[in-house]
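Peer 1: Below you'll find the structure I mean.
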Number of protein chains: 2
Amino acid sequence: MGVGDVSKRILLGRKLRSAQLGETLLPKRIALPVFASDALSSVAYAPDEVFIMLAIAGASAYVWSWKIAIAVALVMAAVIASYRQTVHAYPSGGGDYEVATVNLGRTAGTTVASALLIDYVLTVAVSISSGAQYAAAAIPAFLDHEVIVAVAMVVLLTAMNLRGIRESGSFFAVPTYLFMFAILGMCLYGFIQMATGTLPDVESADLEIAPDEGWDQPLTTIGLLFLLARAFSSGCAALTGVEAISNGVPAFQRPKSKNAATTLLLLGTIAITMMVSVIVLARQMAIRYVDPHDIDKLTRDGQPLPDDYDQHTVIAQIARAVFIDFSPGFYFVVTVTGVILVLAANTAFNGFPVLGSILAQDGYAPRALGARGDRLAYSNGIVFLAVMAIAFIVAFEAETTKLIQLYIVGVFVSFNLSQLGMIRHWTRALATERDPAERRRMFNSRIINTIGLTFTAVVLVVVLITKFLAGAWITILAMAFFFFVMRKIKGHYNSVELELAADETDKALPTRVHAIVLVSKLHKPTLRALAFAKATRPNSLEGVYVSIDNAETARLLEEWDDRNTGVPLKVLHSPYREVVKPIVEYATAIRGANPRSVVAVYIPEYVVGRWWEQLLHNQTALRLKGRLLFTPGVMVTSVPYQLRSSQILRDREEREDARVRPGDVRRGQTEGTDRQVQ
Amino acid sequence: MGVGDVSKRILLGRKLRSAQLGETLLPKRIALPVFASDALSSVAYAPDEVFIMLAIAGASAYVWSWKIAIAVALVMAAVIASYRQTVHAYPSGGGDYEVATVNLGRTAGTTVASALLIDYVLTVAVSISSGAQYAAAAIPAFLDHEVIVAVAMVVLLTAMNLRGIRESGSFFAVPTYLFMFAILGMCLYGFIQMATGTLPDVESADLEIAPDEGWDQPLTTIGLLFLLARAFSSGCAALTGVEAISNGVPAFQRPKSKNAATTLLLLGTIAITMMVSVIVLARQMAIRYVDPHDIDKLTRDGQPLPDDYDQHTVIAQIARAVFIDFSPGFYFVVTVTGVILVLAANTAFNGFPVLGSILAQDGYAPRALGARGDRLAYSNGIVFLAVMAIAFIVAFEAETTKLIQLYIVGVFVSFNLSQLGMIRHWTRALATERDPAERRRMFNSRIINTIGLTFTAVVLVVVLITKFLAGAWITILAMAFFFFVMRKIKGHYNSVELELAADETDKALPTRVHAIVLVSKLHKPTLRALAFAKATRPNSLEGVYVSIDNAETARLLEEWDDRNTGVPLKVLHSPYREVVKPIVEYATAIRGANPRSVVAVYIPEYVVGRWWEQLLHNQTALRLKGRLLFTPGVMVTSVPYQLRSSQILRDREEREDARVRPGDVRRGQTEGTDRQVQ
C-alpha cells in the first residue's frame, strides 16, 4: 500500500467523519435561547437605569418613563429590522466586523473589532454585577458584598470555561425559556391585578425622592430634554446583545438566513414586550428607584431612611409585590433572572474566542488564536477576558449603573459602523443589480438600514454627550488601545510577509548534508536516532559527544567500539560542563567550512507522560534546539523515543481533543461523541 | 576543508581557550574572605544566643558564659582540625556529600545532601534576619519592621543573583577584612580599656533579668547541666559555615589541599578569637540580654521597662559602649557586621547551584541543573532558595534566636556524617597502606576525625534533646522531604535507564524515508524546508497543506504549480480550522501503512528576536512538534529561517553566555573577559 493510497483513504475518511459529526445545526427553538440570553437579560437592568436617571429630577419625572420605554422600543425595532438585513446579506457569521470591513474598509473593521472586544469584557462585568444584585435580593447575606460575589462568579465561570464546559443547546434552552416565562408571567399577572384594581404598590412606593440640586425647580425645556436624553440613552442598554444572532447565522438550520431573521424578529418582540411591560408596571406600582450611590436622596415622611435600608432591583420589587401572597413566585423570578445574567456573561466567554479567531485569520491577532484546538491560546483568551472583567467590576464596585455608561458606547459604535456599512452594501449592490423586483427589495433594505443608522447615531451622540465624563471616555481609551495593538500586529505580520516573500534566488539546493547525531549515552533513543539518521543517507554522518568527565567518556568510547555502529564518534571536551555551546560551535564551524552544505543535527528525545517527568528530561535538548535555530544552514531533527509513561499524556491529549469547546455551538460546529441538540 | 579538519581545529581551539581563560585560582589571601564570610559572620549572632539561653536562670548564670565560649571554641577547633583532614583526602570539592557518599553509601550521602539543602535555606534566613537586627540598630526607622526589612533584603539578593552578579574575589575581600578589623579592633580596644580600668558598662548593664519560672531557685545539678547544654548548643551556631572551604578546594592555588588546610586553620583561629573575645568582653561589660520574645523579663530597679525599649545585639551594645566618645566607630562596626551577614547569605546563593549540579550529576536532581549555562534551571534554583528562605523568615518573624534552633540541627547532621565517613576513609586506607610513615599520618588523621566525631556527636545529641520541640523537628521533617524527593528522582532516572538500555534488537535500520514538508504559504521558509528536505534525498517527498479556506487553497495550488517545485502537494481538508490533528493523523497513517519506514516531517520555522514576536509566530509549529513526538516512527525536523530581528536575541544570548555566573569563583572557574582576581 503506497503513500498515495493511504492519503486518499485518510482524506475520504476525514471528509466522511466531518460530514457525520461536524455540523449540528440549531432549529429556531434552540437557536433562540442560545443567542437570546444576552439580549433578554438586559431587561434585568435597563428599566432600573431609566428610573435612576429620571429620579434626578425627583419622582415626578417618572411620568416620562413609559414614553422613554416606547422610544427605546422604537430604536430596538429599528435595530432588529436592520440586523434582519444583515443576516441575509452576510450569512457567514462575520457579523458587524465583516460588514464594516467589507464595506467601509480595514480601519472601520478594526474599530468595530476594538468595540466588540470591550463589549465582551463589559458584558461579563455588567451581567455579573447585575447578577450579584439579584443574588443579594434573594440571599440577604450577600448584601453589601456584591463585589466579592461578582468576582467569585467570574472566577467560577472562568474555571468552567477553562475546563471546557459544553455550550449545548439545552444548557441554554431551559433557563432562557424559564426566564421568559417568569418575566412575562409576572407582568401578565400584574396587568391582571391592575385590570381588577388589586395591583399592590412596591416596597419603595411610600418613599420620596429629593431631586438633585438644580433640578428641584420646574424644568426648563433644555433641562427636560437633557434629562430625557440621559434616561433614554441609559434605557438603550436594553439593546445590548441583539447583534449576537448576526454572528451565529452558520449555526442555524437551513434556510439559515431566513431562520436567523425569523429568530431575530422573535427575539425583538419578546425583548420589547418585556422591557415595556416592566417599565409600565413599575411606574403603576409607584416605584422609587435611585442611584445606589445616592441612596440618601430617598426619604420617608421627610425622615432619612435607616442605615440598613436596601434598595432592590426593579424586577425584584415588582416580583415581591405581585407575589406578595406567594413567595415562591418571587424567588422563582429572582433566581431565573440571576441565572440568565450568568448565562449572558457566559456568552461573552463563548463569543470572545470566536472573535479572536476571526481577527487572527485576518492578521489582527496572534495567529495561534485562529487555529482550532490550541488550548493554550484559547485559555489565554479566557483568562484575559476574565481579568479585564474583574478589573472593571472591582474598579466600579460592581455597580451596574456605572458600568452601563461604559457599555453602551462600545455597543453603539459597532451598531453605527455596521448600519453605515449596510447602507454602502446596498448602494453598491444597486449599482449592478438590474432586476426591478430585486432592486426594490434592496431599496427597501437600504431604507431600513438608514432608519437604523439614524436611530443608532442619535443614541450614540446622546450617549457621548450625556455619558462622556461618566465613564464613556474609558471605553474610548480602551478601544483606542486595542485598535493600536491590532494595527501593530497586522503591521508586523505584513512586514514579515514582505521579508519572507519568495523570489528567484531561493531555488538553490544544498550540495551536501552533514549529519551529526547527539550522543549522551548509548541507549535506545541514541540507537534509534543513529538508525534514522543513517536511513537518510547523508553525505557524512558522525556521533557527537560532549565530554565533561574523563572516566565516563572512556566508558562510552569503549561501548561505542563494542557496538560497532559503523559511525565515527566525535568527542568535544567541555571542562566546565557546558553542553549547548560546544555543539552549537561545532555545527557552526562545519557549516562555515562548507557554506553550500546543510548540517542536520539529530537529537534523541525521550517522550514521557507525567508533568514532573518532563521537568526531569529533555531540558538540555530544548535549549540546544533553541540555540541551533539561530544558526544558518542548520536543521534540527528530534528523534522521539516514547517511554511507556508517554501513553498517559497521549491518552489525555486525545480526551481533550474529543471535548467540544465553548463557542462551537454558535459556530454551528460540534465534534466528538456528544452531539445531541434537542 | 573537511569536517575532520574543522572538528580538530575546534577541539584545539577550545582547549587552548580553556587553559587561558578558564582557571583563575585563588591565593590564600583572597580564598580566606571568599570562604570565610559565612563562618565569621556567625560571631554576629552566636554570642547573643549564649547569653539568651543563660538568661533563663537570670543574670547570675552569666558567670558560665566564658566557660561555654571555651567549650564552643574547643568543638570548633576539633571540627576545623577534622576538615583539614578532609581537604587533604577529598580535594575535588565534593565536601561532606562526597565524603558521606563514598565512605558510608548513597543513603548517607543523600542525607547529607538534604541537610545541606536546608542549611543553605537557613543560612539565608538566619544571616538576613540577623542583618535586619543590625540594620535596625543603626537605623531606628527599621525597628519593629525587621520582617519587612529582611524580606526586602532577600528579594534584593535574589534579583542580583538572577541578574547574574559577579562573585569576584575583591567583592568579598574588602568587607570581610574590614569586618575582621572592626571586630578584632573593637575587642582589642575594649581589652585595653579593661586593662586600664576604663572599660565602660553596656547600655543594658543596669537592668535585672527575672529568671524563668522554675529557674528562680538555686539550680539542681540536672537543671544546671540542662541550662549549660542549651547555652552550649546555641553557641555552636558559631560553627556554621566552617565546612565551606572543603567544598572549594579546587578554587585554591596549588598546592590546593595544603593551601586550603592553611586557610582553614587561619579561619578557625580568627573565628575562635572573635567569639571568645566578644563573649568575655560582653560579660565584663555586664551585658543583660534576653530572648526578644521575653523582653518583659528585663526590669530596671524592679520597674518594667518602657514600651519603646529596644534591645540591641551584643556586638552593637559593646560597640556603642566602647566607642562612647567616637560614634563613627559604632556605626563602622554595625555597618560592616550587617554587610558581612548579607555576604554570608549570598554565599548560599552561590553554593546552592553548585550542590544542585553535583546532585544532578549523580541523578538526585533534575539533570538540567548539572549542565553549566542553563539559565532557566539556575534561575529556578535561586528562586526556590529565596522563596523557602522568605517563608522561614516570615514564619519565624525574622527572629534569629528561633531560626538558630532549626539551623544547628542541619549543620551538625552533616558534620557528624562527614566525620564518620572520614573515619571509615582512614580505616580503609590503613587496610592497604604499608608505608609506616604514611600509616602513622593516617592513624593521626583518624584520631583527629574521631575526636571531631565525638564532639559533634555530643553537640548533635544535645541539640536534639534541647531543641527538638523548639523547632529542630521542622528541620528533620524538611530533610526527610528532600531525602524522599531525591530518592524518587534517582529511582525515576534508574527506571528510565533500564527501559532505555540498548539490546541486540535495536540495530534494524528503517527501510524507507517518507518525507513530508509542511506548507502554510509558499514563502522563503517553505522553500528552504523543501530544499533541505530534497537534499536529504528521501524515498518519497511531498508537501502537505491543511486547507481551511477554499479560496486560499486555490491560490496556493496555483502558486505551487507556477513555482514548479517538482514536489507534489497534498491538501488535507480541515473544515473546522484544525491544523495539528490532520497532520498527525496523516503521518500516523503513512507510518501505519509502512511499518518499517520512518516518516520525516519538515517544519519551516521563523526565528524572530523580540519576545512579542515569539508570541505571534511558531505556536502551531510548537504544538505540532509536541504532538508528533508521541507518534512512533516519526521524526520531526525544524528548518529555521532567521528573520532579521533574530539577531537581537542572538546577540543577547551571546552577552549572557559571556557573563560569569555566581558560584563560578568557588568552583575555581571563571570564563569570559573579566578574570582579574587581585
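Placement of Cβ uses the backbone N, Cα and C atoms for every residue, glycine included.
TrEMBL lists B:50-83, B:104-128, B:134-159, B:171-192, B:222-242, B:263-282, B:330-355, B:376-398, B:404-423, B:443-462, B:468-486 with the feature transmembrane segment. What TrEMBL records for B:650-678 is region 'Disordered'.
Quick one: how deep are these features, and who are their neighbours?
Peer 2: Away from its own ends, the transmembrane segment (B:50-83) comes close to residues 208-212, 215-216, 219, 223, 227-228, 230-232, 234-236, 238-239, 242-243, 245-246, 264-265, 267-268, 271-272, 275-276, 279-280, 282-283, 287-291, 297, 314, 401, 415, 418-419, 422, 448-449, 451-456, 459 of its chain (Cβ-Cβ under 8 Å, at least six residues beyond either end).
Sequence-distant neighbours of the transmembrane segment (B:134-159) (same chain, 6+ residues past either end, Cβ-Cβ under 8 Å): 44, 124, 128, 310, 312-313, 316, 331, 334-335, 337-338, 341-342, 345-346, 349, 382-383, 385-386, 389-390, 393-394, 397-398.
Distant neighbours of the transmembrane segment (B:222-242): 37-43, 45-47, 49-50, 52-54, 56-57, 61, 64-65, 68-69, 71-72, 75-76, 79-80, 83, 119, 123, 126, 215, 264, 267-268, 271, 275, 344, 347, 404, 407-408, 411-412, 415, 459, 462-463, 465-467; these residues of the same chain sit at least 6 beyond its ends, with a Cβ under 8 Å from one of its Cβ atoms.
Below 8 angstroms of C-beta separation, residues 120-122, 124-125, 128-129, 132-133, 146-147, 149-151, 154-155, 157-158, 161-162, 345, 348-349, 352-353, 356, 366, 368-369, 406, 471, 661 of the same chain, each at least six residues beyond the ends of the transmembrane segment (B:376-398), sit close to that stretch.
Counting same-chain residues at least six beyond the ends of the transmembrane segment (B:443-462), those with a Cβ under 8 angstroms from any Cβ of the stretch are 74-75, 78-79, 81-82, 84-85, 88-89, 229-230, 232-233, 236, 408-409, 412-413, 415-416, 419-420, 422-423, 426-427, 430.
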Peer 1: Are the transmembrane segment (B:171-192) and the transmembrane segment (B:330-355) close, by which I mean at least 3 Cβ pairs under 8 Å that are 6+ residues apart in sequence?
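Peer 2: The transmembrane segment (B:330-355) and the transmembrane segment (B:171-192): touching, yes.
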Peer 1: Under 8 Å between C-beta atoms and at least six residues away from its ends: which parts of the chain pack against the transmembrane segment (B:330-355)?
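Peer 2: Those are 35, 37-38, 40-42, 44, 97, 113, 116-117, 120-121, 123-124, 127-128, 130-131, 134-135, 137-138, 153-154, 157-158, 161, 165, 167, 172, 175-176, 178-179, 182-183, 186, 241, 244, 247, 315-316, 319-320, 323, 369, 378, 381-382, 385, 389, 661-663, 665-667, in sequence order.
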Peer 1: Please give the sequence-distant neighbours of the transmembrane segment (B:468-486): residues at least 6 beyond its ends with Cβ less than 8 Å from one of its Cβ atoms.
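Peer 2: Result: 110-111, 113-115, 117-118, 122, 359, 364-365, 396, 402-403, 405-410, 413.
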Peer 1: For the transmembrane segment (B:263-282), find every same-chain residue at least 6 residues outside the stretch whose CB is under 8 Å from a CB in it, and list them.
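Peer 2: Same-chain contacts beyond the flanks: 28, 31-32, 35-36, 39-40, 42-43, 46-47, 50-51, 65-66, 68-70, 72-73, 76-77, 80, 83-84, 87, 180, 183-184, 187, 190-191, 194, 202, 235, 238, 242, 245, 252, 289, 314-315, 317-318.
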